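Let me begin by presenting the structure, written as structure tokens, before commenting on it.
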Amino acid sequence: MIEQQKRKGPELPLVPVKRPRHELLLGAAGAGPGAGPQQATPGALLQAGPPRCSSLQAPIMLLSGHEGEVYCCKFHPNGSTLASAGFDRLILLWNVYGDCDNYATLKGHSGAVMELHYNTDGSMLFSASTDKTVAVWDSETGERVKRLKGHTSFVNSCYPARRGPQLVCTGSDDGTVKLWDIRKKAAVQTFQNTYQVLAVTFNDTSDQIISGGIDNDIKVWDLRQNKLTYTMRGHADSVTGLSLSSEGSYLLSNAMDNTVRVWDVRPFAPKERCVKIFQGNVHNFEKNLLRCSWSPDGSKIAAGSADRFVYVWDTTSRRVLYKLPGHAGSINEVAFHPDEPIILSASSDKRLYMGEIQ
């Protein structure tokens with residue numbers, strides 16, 4: 001009787017079987033770089049799924065080529081290429097569309113690359129390294145045009161100014177936050193912090209540097225007055241990632257207390273600047289610097305996590321929209337595409353994934 005019922009099944013309206021999400025993701029690994037549609041049989045499962053919403057060759061693309069943990073990844077502002085770097089000291093440049101070819105490798109650092117950033121027009125790429133330097137690269141030619149030396153220990157973070165003269169701020173294990181003008185050899189300003197600095201960013205107008213580190217506090221330094229303006233407290237463990245929203249009003253922070261927070265960094269904001277707390281992602285004993293990022297329109301945020309999942313939250317409701325599997329190691333950075341609904345993740349499993357999100 002049961003067998004007969006089973007045979008009748010197909011006459012019912014066809015409802016897609018809910019497959020475990022990890023099967024979907026890992027199935028698509030076959031549809032990664034170099035796999036044409038005819039080879040990617042597991043990927044066909046995804047093709048038959050939800051309608052496509054980006055120009056990626058497949059809904060999920062795997063980028064493999066690094067020889068060590070991948071710590072950072074960023075899309076070029078024009079959205080057609082991306083950069084990744086990590087423990088192997090190399091910066092790899094990739095095409096976003098087509099087969100996602102690794103079309104260039106930038107060599108020059110003698111230590112792990114901890115963070116990468118393009119400047120606003122994408123003409124320059126900045127990289128912070130454990131070799132105590134920050135390198136400035138011409139993103140067209142791949143040539144290193146400048147090396148910023150002055151830190152006495154690992155440089156954990158760098159961030160280029162969004163507008164005005166090309167300034168860059170850096171944070172290091174030597175406990176300092178430095179401001180550089182790339183036309184000059186030495187740092188223009190140095191702010192002394194008691195403990196290691198793990199993450200830095202500018203405010204929107206680039207007259208303040210915001211830093212986070214192992215003292216759990218987020219500090220805002222005024223470049224005109226050359227002093228600490230205010231401190232934002234709330235995290236109960238080291239702050240590992242900072243990201244400013246695209247319109248510059250809000251700051252996102254990721255910390256080892258397993259929370260991601262949003263802070264109001266507008267001038268004259270109320271004294272209690274923490275406006276939202278997000279939970280779900282985790283940090284662990286590996287103590288990797290897990291970063292965080294905003295979607296271009298500010299409606300979503302994403303953060304690295306040590307549990308091998310990519311977390312994406314809705315900014316308004318604070319709900320986890322996506323918990324994406326597929327990686328086999330800590331996810332150290334997640335980046336949103338500037339124009340399309342694509343998310344990029346860099347992991348300790350030496351791989352990067354690009355995937356569509358609705």
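For all residues, glycine too, the Cβ spot is worked out from N, Cα and C.
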Listed as asymmetric dimethylarginine by Swiss-Prot, one of R21, R162, R233, R319: R21
Spatial neighbours of the repeat 'WD 4' (192-231) far in sequence, C-beta under 8 Å, 6+ residues away: 153, 156-164, 167, 169-177, 179, 237-244, 247-249, 251, 253, 255, 257, 263, 265, 289, 291
